[in-house]
Amino acid sequence: MTLLRHLLTATALLGASVQAAQGVTGSPFGFASGTTGGGDATPAAPSDISQLKTWLSDSTPRVILIDKEFNFLGSEGKCTNCECCKPASNTCGSSGQNAVKQNGSDWCGSYPTLTCTYDNAGIEGLEVASNKSIVGVGSSGVLRGKGLRLVNGVSNIIIQNIHITELNPEFIWGGDAITLDGTNNVWIDHVKINLIGRQMFVAGYEASHSVTISNSEFDGETSWSATCDGHHYWTVLGYGHNDKITFANNYIHHTSGRSPKLEFNSFWHAYNNYWYNNTGHAFDVGKNTRALIEGNVMVQVDTPLLADSNPGAVFAVNTSDVSTCTSTLGRTCVPNTLISSGTLSGSDSSVISSWPSGESDVTVMAASKVASYVKANAGIGKLGNGSGSSSTVGAAATSAVAKRADSDDAPFVPAYSEAGPGASAVPTQPSWSWRTVTNGPAPTGAPSDSPSAPQGLGAPVQASNKHHHQGHGRGY
């Protein structure tokens, strides 16, 4: 028995050392196909948070190994007895989320003012320059107290196998885990995100082309919930104009909204994701966005698709329209499966007919395989289980339209045990940041979440309410 333990330990260490030597595992697929990150740069691990900051932001192509926890808590001091507010959504006191009052923003409006203490490091993420691979080693790669920020035209970045956590989870505006704004070729893979104050992932107003988010875990279990139910509301937000994003093989659980919320002339392909225990809404598709939703599984999701007063186009595949994809995509689409959930409907064929080129190496598996696959593969420390990349899932195709669906694409109802566990301002500059906010005009028609009045832009919307586009701003 002792020998067996030693063998298992040696095997694990060997796997970690092999990964450390090679850097990125697998190859990007979907819209991020062709992304190389730091390329063939020699993988290296920074010694401390100062060196990590430097390596992330310099102009040198790098493969940066995150081989331990980098703890940013306290590294930029704390804001003590600073001004916050209590939004109307917080009806549960210390179990809810109050909001940091940001300079230059009137998001707090007439909400009661409070004093609060929060960690400065979490408010804004680490700047990431072009041509970087950020790769966690084994299960050790943790960024605590600070996220990542990709803005101002950066490109060719891979983020793989890391855990981002503890960004002022008590506070709205406490920080975002991963921010994109004006990027190209970004692959986010095998990332775990939890205990975040604001968005787990956000794409800002500037277009983020050629992005894939895959095999990642969005863990919404929290002690500070904007919806007062232990579920995180601010999950995935796509606000970029003309974003092209593949969202595949992800595990989204214990959330209550924005899972995802999408706007503004973008294309999102969401396939083979597993949603579990969402007490509010999953998809919120607005203003000119086109969403292709196929081969997903939703279990205990109250509102799979939120009604919107200005909706975008949704093609959510069911058994009756799988053949609609054939003429344009060259394959049948794969039906979604919903268990103990609300309705996911949408059959706007313009999504299919207008689908852009550039999404490649896509294989959509049957819903019958999704729950077990995603639970085994999504998140940190699971690279050896299969990356979901073109090298492990399927042979390359010239585009998404050319790739055949999994042959076993009949709808599936799994056994239940398989389910698993105010108005504000907008940045007037391309560099999208919560700190650099002015009171300039917002882009035309920017939407807002609005539960029962009087709510500010960006407040959590209740599943039973429709959108009211009553303001403009950065209130994401």
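Here the Cβ of each residue, glycine as well, is placed from N, Cα and C on the backbone.
What Swiss-Prot records for Arg258 is active site, and it gives sequence analysis as the kind of evidence. Residues annotated as compositional bias 'Polar residues' in Swiss-Prot: 426-453. If you look up Swiss-Prot, you'll see 465-476 marked as compositional bias 'Basic residues'. Annotation source Swiss-Prot lists disulfide bond at Cys84-Cys108, Cys325-Cys333. The N-linked glycosylation site annotation in Swiss-Prot covers Asn103, Asn131, Asn277, Asn318, Asn385. Annotated region 'Disordered' per Swiss-Prot: 412-476, in sequence order. According to Swiss-Prot, the signal peptide annotation covers 1-20.
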Measuring Cα to Cα, how far is Cys84 (disulfide bond) from Arg258 (active site) in Å? 23
Neighbour count (Cβ, 10 Å) for the residue listed as 'active site': 30
Nearest by Cα to Cys325 (disulfide bond), of the recorded positions Cys108, Asn131, Arg258, Asn385, is Arg258
If I take the alpha carbons of the residue listed as 'active site' and Asn103 (N-linked glycosylation site), what is the distance between them in whole Å? 25
Inter-residue C-alpha distance, Cys333 (disulfide bond) and Asn318 (N-linked glycosylation site) (nearest angstrom): 9
Rounded to a whole angstrom, what is the C-alpha distance between Cys108 (disulfide bond) and Asn277 (N-linked glycosylation site)? 30
Just to be sure I understand the packing, how many Cβ atoms besides its own are within 10 Å of the Cβ of Cys108 (disulfide bond)? 24
Other C-beta atoms that fall within 10 angstroms of the C-beta of Asn277 (N-linked glycosylation site): 21
Reading the DSSP string in three states, the entry for Cys84 (disulfide bond) is strand
When the glycosylation sites Asn103, Asn318 are compared by other Cβ atoms within 10 Å, fewest goes to Asn103
Under a three-state DSSP reduction, the secondary structure at Asn277 (N-linked glycosylation site) is strand
So of all those glycosylation sites, Asn103, Asn277, Asn318, Asn385, which one's Cα sits nearest to Asn131 (N-linked glycosylation site)? Asn385
Cβ neighbours of Asn131 (N-linked glycosylation site) where a neighbour is any other Cβ within 10 Å: 20
Excluding its own, the Cβ atoms lying within 10 Å of the Cβ of Cys333 (disulfide bond) add up to 25
Just to verify a number: CA distance, Asn277 (N-linked glycosylation site) to Asn318 (N-linked glycosylation site), in angstrom, no decimals. 21
How long is the line from the C-alpha of Asn385 (N-linked glycosylation site) to the C-alpha of Asn103 (N-linked glycosylation site), rounded to the nearest angstrom? 45
